[in-house]
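Q: Please read through the structure below; I'll follow up with questions.
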Amino acid sequence: MAFTLKERQLMGIHGLLPPALLDQDGQVYQVMQNFNRWTNDLDRYIYLMSLQDRNEKLFYRVIADHVETMMPVIYTPTVGLACQKYGMIFRKPRGLYITINDIGHVYDILCNWPIDQVKVIVVTDGERILGLGDLGAYGMGIPVGKLSLYTALAGVLPYACLPITIDVGTNNQSLLDDPLYIGLKQKRERGQVYDDLIEEFMKAVVKRYGENVLVQFEDFGNNNAFRLLERYRDSYCTFNDDIQGTAAVAVAGILASLKITKKKLSENVFVFQGAGEASIGIAKLLVMALMKSGLKQDEAHKQIWMVDSKGLIVKNRPSGGLTAHKEEFAQDHKPIDKLEDVIATVKPTAIIGAAAQHGAFNEKILADMAKFNERPIIFALSNPTSKAECTAEEAYKMTKGKAVFASGSPFKPVTIDGKTFHPGQGNNAYIFPAIGLTSIVCDVRTITEEIFLESAKVLSELVTDEDIAEGRVYPPLPKIREISTTIAIKLAEFSYDKNLAKRHPRPDDMTEFIKSHQYSTDYQTFVPNLYDWPNVKSGFRIHPPPPPKKNKYW
Ligand SMILES: O=C([O-])CC(=O)C(=O)O
Ligand SMILES: [Mg+2]
């Protein structure tokens with residue numbers, strides 16, 4: 001209904017639409033009326049996905065205008081629920097499915113994707129969807145949601161985005177028993193066959209889309225996530241969002257928190273609950289940041305303590321379970337089993353939760369943190385909301401308002417005794433769209449650790465004094481779109497400075513250059529201004545143009 005009368009007449013569709021003209025502003029209003037009718041977020045998700053299928057520009061315009069309302073629906077936490085019910089809510093396919101049975105034919109399947117200009121792929125094998133575990137092919141909601149943010153937050157063109165699920169089976173029995181399950185009904189394939197499939201996939205992607213296509217690994221199980229990152233990080237344009245994207249956003253939050261705690265980075269001591277992808281990623285990036293601030297590597301390691309399911313990670317731990325990544329952070333200390341005892345012993349300045357254990361930051365831990373610190377840093381990063389280590393309200397209440405709090409999933413502001421506290425959302429959504437945009441348009445072929453540290457630094461510098469005064473360590477969500485663009489511009493400068501950008505010549509005006517590659521949600525008119533019709537309001541042709549040429553398919 002946004003087609004003008006001229007457009008309707010030239011296309012020969014006059015009369016096929018209701019007479020009124022409803023421009024995009026009016027359509028946004030109409031969508032919001034519908035959106036607000038739903039009483040739960042899953043229904044809102046279904047509604048928005050059908051809008052995305054029906055009118056992509058309007059979908060992104062709605063997200064842009066209402067980012068704070070929409071992000072928790074198209075992304076975390078609702079996308080987690082949508083993944084759990086993906087078979088039930090399935091309406092229409094979106095994205096590409098490659099299964100273990102397709103070995104030998106992966107390139108052919110990629111050729112079935114009708115678009116040739118793909119620049120970024122988000123791929124999952126569904127083994128660790130958020131903190132919800134193995135959701136197999138139901139995990140497709142995650143690449144779809146992540147790529148929606150590429151467009152909504154950084155302006156990457158929607159058709160340049162390709163969500164992919166690699167289906168090697170699932171070990172989730174309830175999915176195998178689910179009559180609506182959309183994936184292969186078999187246990188997960190592992191070992192050499194799995195590796196062969198991924199190898200074939202990586203090669204096929206480059207063959208189909210070129211060596212500068214960005215492949216973002218998302219929500220793989222621990223073991224594969226680390227292995228595949230090591231294997232491909234130098235030879236492909238790739239990164240792992242859960243290890244590296246999460247690391248950058250967490251380090252940004254810690255850097256910004258220094259303005260509140262009035263401490264130097266090197267004066268902080270960190271305890272991690274969990275030693276998986278996020279914790280190891282954050283810890284490694286923190287070591288880099290600490291070393292840049294003047295510490296030696298072993299001094300940096302001494303500031304970082306990790307607790308996994310077997311307790312404190314210490315050298316030669318009798319209970320074992322130490323991978324090489326964990327070993328790097330093993331302390332010279334006697335074993336301690338419980339997180340609260342570790343915190344009572346180490347007296348950290350910051351605790352970071354990333355093990356999807358709801359309630360792990362209990363009353364004693366939070367109260368202790370407030371005892372040891374004027375302003376304790378409490379990051380409850382696990383997703384979705386149901387897996388957060390503590391809620392925003394618990395963090396503020398139990399520390400008597402002292403906590404510098406951030407969480408992976410969004411929490412609403414909390415008011416205690418008339419004072420309002422604003423939690424930050426320490427979610428990699430502040431990072432990956434910007435890194436992706438820069439990498440695509442500047443042709444950055446290797447996404448180095450320096451890029452993640454730089455993006456953390458840039459993000460932390462975009463936290464304003466007003467944000468800090470409100471206790472925020474991230475910019476408020478309504479600003480996330482402009483923040484993403486600013487990060488992309490700064491990363492582009494950085495990439496050229498460091499010789500990482502392969503697109504030459506270096507643009508003179510980076511802001512203009514980056515913005516010129518961003519998607520516009522405006523409807524484009526395709527009617528040349530040939531006629532100035534005197535009587536357009538009546539809806540009748542006074543000087544009719546020649547009848548529109550019929551498309552042969554009409
Ligand atoms: O998707 C999110 O909200 C953040 C993330 O990568 C995860 O939790 O795996
Ligand atoms: Mg993830």
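Each Cβ is built from the backbone N, Cα and C atoms, and glycine gets one as well.
It should be emphasised that the depicted structure is a prediction, and the values quoted were computed from it without experimental measurement.
So TrEMBL has the following annotated:
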| type | residues | note |
| --- | --- | --- |
| ACT_SITE | Tyr75 | active site, proton donor |
| ACT_SITE | Lys146 | active site, proton acceptor |
| BINDING | Arg128, Asn383, Asn427 | (S)-malate binding site |
| DOMAIN | 52-233 | domain 'Malic enzyme N-terminal' |
| DOMAIN | 243-496 | domain 'Malic enzyme NAD-binding' |
Q: List the same-chain residues at least 6 positions away in sequence whose Cβ sits under 8 Å from the Cβ of Asn427 ((S)-malate binding site), in sequence order, or say none.
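A: Within the chain, Asn427 ((S)-malate binding site) has Cβ neighbours under 8 Å at Thr76, Val249, Asn383, Gly408, Ser409.
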Q: Among all chains shown, work out which of the recorded positions Arg128, Lys146 has the most CB atoms within 10 A of its CB.
A: Lys146
Q: The domain 'Malic enzyme NAD-binding' (243-496): mean pLDDT?
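A: Mean per-residue confidence for the domain 'Malic enzyme NAD-binding' (243-496): 97 out of 100.
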Q: How big is the gap, in Å, between the Cα of Tyr75 (active site, proton donor) and that of Arg128 ((S)-malate binding site), rounded to a whole number?
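A: Pair distance, Cα basis, whole Å: 16 Å.
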Q: Using Cα coordinates, what distance in whole Å links the residue listed as 'active site, proton acceptor' and Arg128 ((S)-malate binding site)?
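A: That separation, Cα to Cα, works out to 15 Å.
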Q: In the three-state scheme derived from DSSP, which category covers Tyr75 (active site, proton donor)?
A: coil
Q: Count the other Cβ atoms sitting within 10 Å of the Cβ of Tyr75 (active site, proton donor), across every protein chain shown.
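A: Within a 10 Å radius of the Cβ of Tyr75 (active site, proton donor) lie 26 other Cβ atoms.
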Q: If you draw a 10 Å sphere on the Cβ of Asn383 ((S)-malate binding site), how many other Cβ atoms land inside?
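A: That number is 26.
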